[in-house]
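What TrEMBL records for 41-289 is domain 'G-protein coupled receptors family 1 profile'. The transmembrane segment annotation in TrEMBL covers 26-48, 60-78, 98-118, 139-158, 199-220, 241-260, 272-291.
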Amino acid sequence: MESSNTSSEEGFILVGFSDWPHLEPIFFAFISIFYSLTLFGNTLIIILSQLDLRLHTPMYYFLSHLSFLDLCYTASTVPQLLVNLSGLDRTISFGRCVAQLFIMLSLGGIECVLLVTMAIDRYAAVCRPLHYTTIMHPLLCRALVVFSWVGGLVNSLIQTSLVMAMPLCGHQLNHFFCELPVLLKLACEDTGGTEANLFVARVIILVCPLVLILGSYAHIAKAVLNIKSMAGRRKAFGTCTSHLIVVAMFYGSAISTYLQPVHKYSEGEGKFVALFYTIITPMLNPLIYTLRNKDVKAALWKVLGKDTDSR
């Protein structure tokens, strides 16, 4: 308990990538570039979704919220990581660590539920095209987004409270931010009961949404296979491919981090997996959605003064 009190007063040291000092300048350069691209790409998606009437649809409404989440996700970790890589400051106070853990778990949980709402939108578009506008009413879209935020925040509050209720021994976190499995490794007591409760919370926020997404796409695949023309099949699958790629990237990294026992969690590997879901995925999401999307490209050309409608 004395160690716990000391941790609360003095905070933690984030080891980051100091084990590889020769790589830190390279990491700093690449992460700075990736962060800039993330800010630009996701901000652009949000602006285009607001400015162009063609993008005033449920799909782009959800996409703009996903871009906002990605901006928040990177902003909560990357600036601190860059400071850590520069060697200027590797410390974080106990209060900031708790806040960062809560924010990261909240944003991750919100994205889990938001990806389900996007799958529901694709299901309605492909399987119920004649009733799409009735099903995906603006009021329902807003309600789904609110539910995503409330679900993510409540789940995060539960997990953060469970972790921070434990006494913590030591001050070194072998990570570049306050990651949940790393904090559990600092526990001074047996974490069996806490891990069981955390596992239930993670299943609710990770596995249940994933099951709903897979169920939606099973119905979508069945509907697409009933389309006789190859052109029709390609068009239907094309509307879903971008979302499936994002789901695979997000859930792949999240499950590998949060659904394994703490004693099997590798802090070295965990840092590189965290780089993927905190920097790489938010940077790639705008590219994935825009490169395959004619509407977004047309909106971008229109904003640049090169409207393609006349071409």
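Placed from the backbone N, Cα and C atoms, the Cβ positions cover glycine too.
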Item to check | Contact set, same chain, for the transmembrane segment (199-220): CB under 8 Å, 6 or more residues outside the stretch | outcome: 108-109, 112-113, 115-116, 119-120, 122-123, 126-127, 151-152, 155, 158-159, 162, 236, 240, 244, 247, 251, 254-255, 258-259
Item to check | Tertiary contacts of the transmembrane segment (139-158), as residues 6+ beyond its ends and Cβ separation under 8 Å | outcome: 58, 61-62, 65, 102-103, 105-114, 116-117, 120, 201, 204-205
Checklist outcome for this item: Same-chain residues at least 6 beyond the ends of the transmembrane segment (241-260) with CB under 8 Å of its CB atoms are 66, 108, 111-112, 115, 118-119, 122, 179-181, 199, 202-203, 206-207, 210, 213, 217, 270, 273-274, 276-277, 281, 284-285, 288-289, 292-293
Item to check | Surrounding residues of the transmembrane segment (60-78) on its own chain - C-beta under 8 Å, 6+ positions past either end | outcome: 31, 35, 38-39, 41-43, 45-46, 49-50, 100, 103-104, 107-108, 110-111, 114-115, 117-118, 121, 141, 144-145, 148, 176-177, 246, 278-279, 281-282, 285-286, 289, 295-296
